[in-house]
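Colleague: What TrEMBL shows for this protein is this:
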- ASN63: NADPH binding site (BINDING)
- ALA76, THR77, LYS78, PRO79: NADP(+) binding site (BINDING)
- 11-105: domain 'Pyrroline-5-carboxylate reductase catalytic N-terminal' (DOMAIN)
- 168-272: domain 'Pyrroline-5-carboxylate reductase dimerisation' (DOMAIN)
Amino acid sequence: MEAAAGPSRLRVGFVGAGRMAEAIAQGLIRAGKVEAKQVLASAPTDRNLCHFRALGCQTTHSNQEVLQSCSLVIFATKPQVLPAVLKEVAPVVTAEHVLVSVAAGVSLSTLEELLPPNTRVLRVSPNLPCIVQEGAMVMARGRHAGSNEAKLLQNLLEACGQCEEVPEAYVDIHTGLSGSGVAFVCTFSEALAEGAIKMGMPSALAHRIAAQTLLGTAKLLQQEGQHPAQLRTDVLTPAGTTIYGLHALEQGGLRAATMSAVEAATCRAKELSRK
């Protein structure tokens, strides 16, 4: 299976057609990685499949049909449903398949146990900004997936944002940092805007400026390659506005609270993985 063979030769299947599956499919199609007609998605009802049809993709209610038609299959079902789905499709899994799970809390060893021996399996942890092709994703490979499969998947998923290969032990940490981190950042954005509203700025304007401030800061961090502390220092002037504001944040315990939030979310992800 060659990533360089061009989009027309690669058939990609989705088992589960929810928001994350749609986001990944949209990213792949928009980036020209895969042709829409080469994507086949399955779900029990038409409720989500209509979004895939709107993209020009093929749809079915048969999970086995997806496996029989596509060599690369992304499982995007709810975690509690995934084991039953894997047992259902196991009889049609072949050595040609590369199977990818985006289900949170389902380990590679569990995936491999439920599938035929030597099945090539990878696990991906995405986050919500994949919807706008700005996701922060990590991927881990199972025992039988080689570097070719990892490179192929990484090349495809980079259509949806940033994707890095990591040891599986980092996947739950990624959930705490980036999966749940989207909600933490939204809470901070909301608080930034509310501070401005308190001082007299209209709500809609304050929220637009807060969101753009986060976006611009993130781009600076990525493009300059600086540590956040350096960028923060660049904004500071002696006895200026920023140091007064930073002092208030330190008094409120923002740094410790944020670290604790990532820790708590990571611990919960690990707890769910053990169930």
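Just so it is clear, glycine is given a Cβ too, placed from its N, Cα and C backbone atoms.
All annotation found in TrEMBL is predicted automatically rather than curated by experts.
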Colleague: How long is the line from the C-alpha of THR77 (NADP(+) binding site) to the C-alpha of ASN63 (NADPH binding site), rounded to the nearest angstrom?
Modeller: 11
Colleague: In sequence order, what residues of the same chain, 6+ apart, have a Cβ less than 8 Å from the Cβ of PRO79 (NADP(+) binding site)?
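Modeller: Listed in sequence order: ALA103, ALA104, GLY105, VAL106, LEU272.
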Colleague: May I ask for the distance between ALA76 (NADP(+) binding site) and ASN63 (NADPH binding site), taken between their Cα atoms and rounded to an integer number of Å?
Modeller: 12
Colleague: Between LYS78 (NADP(+) binding site) and the residue listed as 'NADPH binding site', how far is it from one CA atom to the other, in Å?
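Modeller: Per the Cα atoms, LYS78 (NADP(+) binding site) and the residue listed as 'NADPH binding site' stand 14 Å apart.
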Colleague: Highest Cβ count within 10 Å among the binding-site residues ASN63, THR77: which residue is it?
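Modeller: It comes out as THR77.
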Colleague: Counting other Cβ atoms within 10 Å, pick out the least crowded of the binding-site residues ALA76, LYS78.
Modeller: LYS78
Colleague: With DSSP as the reference, give the number of residues of the domain 'Pyrroline-5-carboxylate reductase catalytic N-terminal' (11-105) in helix, strand and coil.
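Modeller: For that range the per-state counts are 42 helix, 19 strand, 34 coil.
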Colleague: Determine, for the NADP(+) site, the additional residues of the same chain whose CB lies within 8 Å of the mean position of the CB atoms of ALA76, THR77, LYS78, PRO79; present them in sequence order.
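Modeller: Going along the sequence, the neighbours appear as GLY16, GLY18, PHE75, GLN80, VAL81, LEU82, VAL85, VAL102, ALA103.
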